[in-house]
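Taken verbatim from TrEMBL:
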| type | residues | note |
| --- | --- | --- |
| BINDING | ASP52, ASP54, SER56, TYR58, GLU63 | Ca(2+) 1 binding site |
| BINDING | ASP91, ASP93, ASP95, LYS97, GLU102 | Ca(2+) 2 binding site |
| DOMAIN | 39-74 | domain 'EF-hand' |
| DOMAIN | 78-109 | domain 'EF-hand' |
Amino acid sequence: MSITDVLSAEDIAAALQECQDPDTFEPQKFFQTSGLSKMSASQVKDVFRFIDNDQSGYLDEEELKFFLQKFESGARELTETETKSLMAAADNDGDGKIGADEFQEMVHS
């Protein structure tokens, strides 16, 4: 599966353009622009599985650091501040990782 199987390359490019500078990544804005927030819960979970590098069923801070690169290989890494902010926005149970349900809730919130 490629991310462009479910999201348009143009929308991804526009979303990445909005956050190309360090510390400008805003999850909700990214989800809106990329089209992720318009997807069904099951489609969002498919994208989650694509982002989950080690297929553990969870996203940890190391995987989140490379979040943008899952959408386009040449994209920048998230800063430590952005990574921690993204984790805090989705980690509802405070276990230090984001599950598929938590990811889907964050995308649709």
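Glycine residues also receive a Cβ, built from the backbone N, Cα and C atoms like all the rest.
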Chain residues in Cβ proximity to the domain 'EF-hand' (39-74) (below 8 Å; excluding those fewer than six residues from its ends, i.e. six or more beyond): 1, 3, 6-7, 12-13, 15-16, 19, 25, 83-84, 86-87, 96-100, 103-104, 107-108
Cβ-Cβ distance under 8 Å to ASP93 (Ca(2+) 2 binding site), same chain, at least six residues away: GLU102
Least buried by Cβ count (within 10 Å) of the binding-site residues ASP52, ASP54, ASP91: ASP54
Additional residues around Ca(2+) 2, ordered along the sequence, whose Cβ is within 8 Å of the centroid of ASP91, ASP93, ASP95, LYS97, GLU102: TYR58, ALA90, ASN92, GLY94, GLY96, ILE98, GLY99
Rounded distance in angstrom between the Cα atoms of SER56 (Ca(2+) 1 binding site) and ASP95 (Ca(2+) 2 binding site): 14
Which of SER56, TYR58, GLU63, LYS97, GLU102, the listed binding-site residues, has fewest other Cβ atoms within 10 Å: SER56
Candidate nearest LYS97 (Ca(2+) 2 binding site) in space, where candidates are the binding-site residues ASP52, ASP54, TYR58, GLU63 and distance is Cα-Cα: TYR58
